[in-house]
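Trainee: Below is a structure I'd like to ask you about.
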């Protein structure tokens with residue numbers, strides 16, 4: 001927000017430089033990003049002087065150019081070639097001399113000596129738009145005859161200089177969205193730093209109703225959305241250009257003057273943070289303003305000429321027949337003041353922040369008014385600002401105040417009562433601040449001390465401080481005015497945090513696994529926990545009924561919390577694939593959120609909600625790219641399986657103690673589940689369905705693994721990693737070719753083998769699968785290798801044969817396996 005240095009001084013007296021003001025505001029929480037010297041006219045008209053055209057003749061080589069000589073007050077006529085149709089001898093004009101910078105928006109160009117059609121030109125005679133004092137380009141500026149050649153243009157036009165402070169207002173500081181609001185905080189800073197200061201604002205004691213010739217009734221039908229609405233009429237106004245002082249104020253902060261009536265409303269909102277609206281009183285049909293909602297789907301044309309369909313919860317300002325304005329957001333096309341307006345109705349209201357915010361979001365509108373209303377303005381300043389605006393309209397546009405102020409207020413805004421203890425102040429700030437200093441700070445921030453004891457204060461916080469409703473909020477205010485830099489950093493820190501425990505172990509293991517995956521060529525991704533509810537439509541794996549929905553989403557693309565990491569990863573894959581990067585390996589750690597309506601409990605609001613920490617892996621594209629050593633090789637689900645198994649091994653899990661099952665659902669076309677013997681799901685991995693990939697415009701196969709990190713951490717609690725020396729005795733390998741039913745999986749063979757020989761069997765591996773000729777229908781052949789080793793002796797043939805015979809028998813009994 002742009003704050004004028006000179007405007008600020010109208011409300012609080014100080015002797016600080018602009019840079020010192022910026023530093024002071026930053027130190028008390030109103031971060032000021034920069035200070036810029038500005039003029040009421042961009043560039044300050046530097047280098048421009050008043051000149052008199054002495055001679056004007058036609059250019060010999062042009063049918064529209066003129067050669068002039070101009071007296072610039074320095075004794076020597078200056079030759080300038082001019083193309084304006086209205087240039088003539090004897091005129092007083094504005095001349096840009098050599099080196100002058102003229103601005104066109106954000107760009108500028110420098111006046112240089114030049115030759116135009118063979119004739120030397122030393123300067124430029126200017127039009128309004130070329131020097132920033134108007135928009136006309138029909139011809140050069142012709143000044144009154146009393147203008148004196150040689151006078152600097154900045155003096156002739158009374159250009160004022162000022163400094164603009166770029167103050168970054170955080171969303172909670174609605175009270176600081178104005179010059180007066182910033183002045184309040186600066187006043188508190190000055191008082192705390194021992195400087196004499198006073199906070200003032202213009203008096204409205206002179207406000208008086210002169211007649212009742214234009215009485216307009218006000219009715220509020222929805223007091224929830226509009227707790228306060230006030231209005232007054234001014235009759236017989238003349239809409240015209242604003243006086244120079246008002247135009248300059250607005251230009252300094254980056255606003256374009258419109259006319260006196262509109263400029264007054266803009267002045268008020270930037271001075272005191274109260275948005276106003278000015279209606280043409282003669283367009284208020286039926287002589288009544290009604291604040292209400294309209295039926296769903298009602299059409300309304302706003303000031304920008306756009307026809308909008310209203311929601312049933314869009315609050316509208318209406319007359320007896322039509323809607324005139326979207327309350328607190330945007331005016332209507334046909335109800336505002338124009339140059340033909342003679343009577344006005346001024347509106348000053350307090351609209352509920354939630355109503356304004358939702359309406360503004362629905363219609364994609366962001367105005368100065370909605371910016372302030374949706375954060376919460378001061379409900380008690382509405383009448384003051386209305387009186388001030390009416391007095392200014394009377395002064396600058398003429399007319400008479402022709403009605404009483406109609407103030408419809410559901411209930412007066414009450415102060416927030418806060419109990420503050422000195423002990424908590426000292427505890428949260430980390431320093432003992434003198435009681436008198438605390439009292440001085442809170443009173444300088446316009447908080448009233450209602451009661452005082454040895455232990456603390458009872459404070460009444462004004463309603464405009466919507467961010468201060470608890471004792472910790474008051475303490476934050478005390479700290480920022482006292483000064484963050486005045487709180488010494490202690491030599492020791494008292495902390496309840498511990499460097500030990502499950503949380504720390506989980507973080508270490510997460511980093512361990514992340515490094516392992518990075519070493520395997522994975523890239524970590526971080527996706528938003530907010531996602532699109534439409535992704536879950538029709539899914540049985542992740543039903544829509546289990547979504548944690550947002551009450552006030554920013555958009556339909558971010559309207560719920562994710563149930564799975566999958567969709568964020570598919571978005572990342574699609575994004576990369578669209579940029580010709582299709583060979584991808586991603587991993588992500590993140591929370592997934594669930595809602596279970598059956599767990600609703602009035603006494604435990606959060607009971608239906610849960611979150612689990614997960615690890616997601618995505619593999620797609622080529623595993624090996626074409627080279628002199630290898631041909632292209634696409635990745636597969638077996639590669640993903642290896643990554644999952646390696647993670648389990650790295651965490652110390654015994655793979656043989658896990659239960660593997662098959663899965664096929666609306667996420668996976670084929671997949672495996674990995675559970676503990678107690679039935680807890682540790683992981684699911686497999687091939688993502690074509691339908692799911694199509695929804696994300698992904699062409700390649702995608703293999704996805706979902707690991708429940710929370711359950712993994714529970715599963716490894718009892719795992720103890722022990723070290724032992726490498727066996728001195730050789731290992732022995734035996735191979736079996738087994739004929740089995742097609743439905744038998746290798747995991748079943750592996751499980752039976754380890755159950756058969758728990759001590760000497762070290763490894764079971766599959767090195768060949770055959771299906772086809774010379775095999776019975778419904779059969780397949782597995783070539784399986786078994787690695788045996790004894791830690792204490794060398795195995796002999798008798799021992800090996802005994803083990804292998806037992807293995808063959810168990811495989812035959814349990815799986816129907818036959819040796820080939």
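Using N, Cα and C of the backbone, Cβ positions are placed for all residues, glycine too.
Annotations for this protein, taken from Swiss-Prot, read as follows:
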type	residues	note
DOMAIN	42-154	domain 'tRNA-binding'
DOMAIN	413-489	domain 'B5'
BINDING	467, 473, 476, 477	Mg(2+) binding site
DOMAIN	727-820	domain 'FDX-ACB'
Trainee: For the recorded Mg(2+) site formed by 467, 473, 476, 477, which further same-chain residues have Cβ atoms within 8 Å of the site's Cβ center?
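Mentor: What remains near the Cβ centre is 465, 468, 472, 474, 475.
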Trainee: For the domain 'B5' (413-489), what are the DSSP-based totals of helix, strand and coil residues?
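Mentor: Counting residues per DSSP class in the domain 'B5' (413-489), I get 33 helix, 17 strand, 27 coil.
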Trainee: Quick check on the domain 'FDX-ACB' (727-820): DSSP residue counts for helix, strand, coil, in that order please.
Mentor: 30 helix, 32 strand, 32 coil
Trainee: Note down the number of other Cβ atoms within 10 Å of the Cβ of residue 477 (Mg(2+) binding site), including every protein chain shown.
Mentor: 21
Trainee: CB neighbours of residue 473 (Mg(2+) binding site) within 10 A?
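Mentor: Its Cβ has 16 other Cβ atoms within 10 Å.
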